[in-house]
Amino acid sequence: MHKYQTHWVEHSIVKILSSTGKKHIALMAGGMSAEREVSLVSSEGVSKALIELGYRVTFIDMGADIAVRLQEIKPDIVFNCLHGTYGEDGCLPGLLNIMRIPYTHSGVLSSALAFNKIHSRIWFLTNNINMAESIVVNKSDNIKNDPMKRPYVIKPLAQGSSIGVEVIFAEDDFNFADYDFPYGDQVIIEQYIKGQGRELQVAVLNGKALGALEIKLLKNRFYDYETKYTEGFADHLCPAPLPANLYEKLLIESEKIYKTMNCKGPARAEFILEEQTNKLYALEINTHPGMMPLSIVPEIAAYAGINFTNLIEEIIKTASFES
């Protein structure tokens with residue numbers, strides 16, 4: 001199991017990437033979260049697209065002095081390319097609301113809800129979104145045996161990119177009493193959809209589902225961090241090979257989640273399809289989907305006729321702050 005940590009960084013790193021342009025975009029990336037490297041790689045393609053679109057671009061690797069840096073450079077818009085803690089969890093949108101700087105991606109409540117697996121689950125179920133059975137386990141519970149019948153999934157409360165996610169199968173030599181809660185004192189224990197469960201991903205932009213793809217695992221047992229970011233570990237079947245009525249239902253459910261959570265800009269909804277019953281189980285909605293070469297939202301957007309540069313332009317158009 002990988003152990004990724006949040007690193008406290010005192011000072012932001014500011015780099016001018018383009019000094020002329022129609023508007024000044026601060027491209028926020030890196031930061032202090034466990035997903036720092038993913039964010040930095042995502043920002044590379046985004047920066048090229050912004051410059052191609054004619055924007056003045058300043059890159060900011062976010063540190064604790066971010067408010068001071070933003071006051072100094074005075075951007076017209078912040079493109080939030082951060083993943084994980086402080087960027088994806090509602091913290092940065094809260095600061096930008098106070099500073100009245102328009103920003104891309106979802107706002108405070110939407111981001112915070114989506115990032116926290118307990119609260120997003122409550123929200124989903126309240127809005128009649130089907131999910132697999134799950135329970136919350138606290139470190140202080142001192143549970144010695146399996147908290148749920150195997151197979152089950154262990155999910156950290158607030159991590160992205162499948163960091164810290166483990167699937168415990170019946171044959172695994174695993175003792176829950178030895179689990180050390182590496183990402184906080186609470187975890188979600190979720191039923192693993194057995195057999196022919198199919199991993200489905202939907203890209204949503206401005207409330208409209210652009211399409212869906214299916215993840216076919218080639219090496220690892222589940223869609224973990226390594227599989228997500230290593231070429232050759234999974235195939236993407238785009239569009240997802242589903243009957244027309246089921247494909248349409250998948251898009252409608254994704255739009256419902258997006259709208260009930262009041263998301264903004266791009267998002268990626270994740271589902272498991274139980275093939276024996278054709279039942280869809282929602283996993284989560286990601287309000288800060290990756291923008292890397294292997295990333296799903298750009299791939300689905302391309303299938304829908306939106307190239308990467310135009311996708312970034314559409315995201316910029318959604319920039320606003322909450323008053």
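Using the three backbone atoms N, Cα and C, a Cβ is placed for every residue, glycine included.
Worth saying up front: this structure is predicted, and the values here are computed from it rather than measured.
Here's what Swiss-Prot has on this protein:
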DOMAIN    121-317  domain 'ATP-grasp'
BINDING   147-199  ATP binding site
BINDING   Glu270, Glu284  Mg(2+) 1 binding site
BINDING   Glu284, Asn286  Mg(2+) 2 binding site
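Feature annotations (Swiss-Prot) mapped to structure.
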residue : record                : DSSP class
Pro147  : ATP binding site      : coil
Ile154  : ATP binding site      : strand
Ile168  : ATP binding site      : strand
Asn175  : ATP binding site      : coil
Pro182  : ATP binding site      : coil
Ile189  : ATP binding site      : strand
Glu270  : Mg(2+) 1 binding site : strand
Glu284  : Mg(2+) 1 binding site : strand
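Restricting the binding-site residues Pro147, Ile154, Asn175, Ile189, Glu270 to those with a CA within 10 Å of the CA of Asn286 (Mg(2+) 2 binding site) leaves Glu270, listed by sequence position. It is 14 Å from the Cα atom of Glu284 (Mg(2+) 1 binding site) to that of Ile189 (ATP binding site). Counting in whole angstrom, Ile189 (ATP binding site) lies 17 from Glu270 (Mg(2+) 1 binding site) by their C-alpha atoms. The distance from the Cα of Ile168 (ATP binding site) to the Cα of Glu270 (Mg(2+) 1 binding site) comes to 20 Å.
Taking CA atoms as the reference points, Asn175 (ATP binding site) and Glu270 (Mg(2+) 1 binding site) are 29 Å apart. Rounded to a whole number, the distance between the Cα atoms of Pro182 (ATP binding site) and Glu270 (Mg(2+) 1 binding site) is 24 Å.
Averaged across the domain 'ATP-grasp' (121-317), pLDDT in this predicted model comes to 88. Shown are the binding-site residues Ile154, Ile168, Ile189; the one with the most C-beta atoms within 10 angstroms of its own C-beta is Ile154.
Considering only the binding-site residues Asn175, Asn286, the Cβ with the fewest other Cβ atoms within 10 Å is that of Asn175.
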